[in-house]
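What Swiss-Prot annotates here:
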type	residues	note
TOPO_DOM	1-10	topological domain 'Lumenal'
TRANSMEM	11-32	transmembrane segment
TOPO_DOM	33-195	topological domain 'Cytoplasmic'
TRANSMEM	196-215	transmembrane segment
TOPO_DOM	216-287	topological domain 'Lumenal'
ACT_SITE	Asp236	active site, proton acceptor
MOTIF	272-276	motif '(Q/R)XXRW'
TRANSMEM	288-304	transmembrane segment
TOPO_DOM	305-309	topological domain 'Cytoplasmic'
TRANSMEM	310-328	transmembrane segment
TOPO_DOM	329-348	topological domain 'Lumenal'
TRANSMEM	349-369	transmembrane segment
TOPO_DOM	370-394	topological domain 'Cytoplasmic'
Amino acid sequence: MAVLDLALQGLAIFGCILFFVLWFMHFLSIVYTRLHLNKKVSDKQPYSKLPGVSLLKPLKGVDSNLINNLETFFELDYPKFEILLCVQDLDDPAVDVCKKLLGKYPSVDAKLFIGGKKVGINPKINNLMPGYEVAKYDLIWICDSGIKVKPDTLTDMANQMTEKVGLVHGLPYVADRQGFAATLEQVYFGTSHPRSYISANVTGIKCVTGMSCLMRKEVLDQAGGLIAFAQYIAEDYFMAKAIADRGWKFSMATQVAMQNSGCYSISQFQSRMIRWAKLRINMLPATIICEPISECFVASLIIGWAAHHIFRWDIMVFFMCHCLAWFIFDYIQLRGVQGGPLNFSKLDYAVAWFIRESMTIYIFLSALWDPTISWRTGRYRLRCGGTAEEILDV
């Protein structure tokens, strides 16, 4: 009986610690968002002295927003940059989109590469290899096809690339679009994701997504170049790790990495979250414990039980109050990341928030159940440590 009492006491203490850690993350991410994101920073170097940048753009297929997204890169206000458009297949409709933009902007230093180069199992790396091999500038900007930018986005990122910084990344967010699926994505990327992403980076944990990353080519080459990361599906994590291992710091851009895909749905969002969870579990096994207890409903139950055990407070009353406080702070976080008025009502936010939170256990269990993922044109079996093998159809 004494052992059981001790175990329950330990669990209650854990619940209290969890409460303080999670609310520290809430406050930290909100304060950082208010102080750093969507702020016009003073130029750290003269415009004409900004370093040259080689933009690597991996392309696969076409959606309704692709040409508009790509065009924003051709309209960048930056002194020296090149655009290296990389398409895997000759018959990909993205080829025609690229040729149209190359014809429309002849003064922009841009080239189209078709065919890729097979160096590993990662299709994105294979696609980018021809562009990477001819990149002429010291800074490499890898930016996904669904991202759109402002004319001064690259200037903002380059100004963050100070002497001791080896990687500048943008906080992923989602552009205003129509439909509930768009609202669901915006709520996730404006609440749960930035809370973890910002808290990790501010406290020194290297957390980077590869949607928009500006890196020093010299450092990547020291790590073996892009080919060194072709064995991984989550190449962005291992690129960031390689840069950090060499003593370089990271910096977050003041502008978000604005996702603007023209193809989106609730099922696509759910599949994407499951794929990401699978990658995290295989790269960082501690995720199996940390991830579920960092979500609102599970955390509220654990903390509510701890409050009942220690203070004899009603579990359900505490659970409801804790969820309500979480809901309100998430809304504050969302408004900060948005940097302006939201494109949907508070009722839409409430529904999307509840559905997103309700999905979390299903997403996590689905990720545990099946270690294979489908990405781009292939299926892959994940291994512990982050490597993967391609599953070939027999």
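Going from the start of the chain as shown, residues are counted 1 onward.
Quick reminder: no glycine exception, Cβ is built from N, Cα and C everywhere.
Remember, predicted model here, so these are calculated numbers, not experimental data.
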Inset, instruction - List the same-chain residues at least 6 positions away in sequence whose Cβ sits under 8 Å from the Cβ of Asp236 (active site, proton acceptor), in sequence order, or say none. - result: Val208, Thr209, Gly210, Cys213
Inset, instruction - Could you tell me what the rest of the chain brings near the topological domain 'Cytoplasmic' (305-309), counting residues at least six beyond its ends with Cβ under 8 Å? - result: 8-9, 11-16, 18-19, 315, 318
Legend entry - the topological domain 'Lumenal' (329-348): DSSP-derived helix, strand, coil residue counts: 13 helix, 0 strand, 7 coil
Legend entry - Residues from the same chain, set at least six apart from the ends of the topological domain 'Lumenal' (329-348), whose C-beta lies under 8 A from its own: 26, 29-30, 33-34, 37-38, 171, 173, 176-177, 180, 183, 186-187, 189-192, 194-195, 256
Legend entry - Tertiary contacts of the topological domain 'Lumenal' (1-10) (same chain, 6+ residues out, Cβ under 8 Å): 309
Legend entry - Beyond the flanks of the topological domain 'Cytoplasmic' (370-394) by at least 6 residues, Cβ under 8 Å: 60, 121, 123-124, 231-234, 237-238, 275, 278-279, 282-283, 285
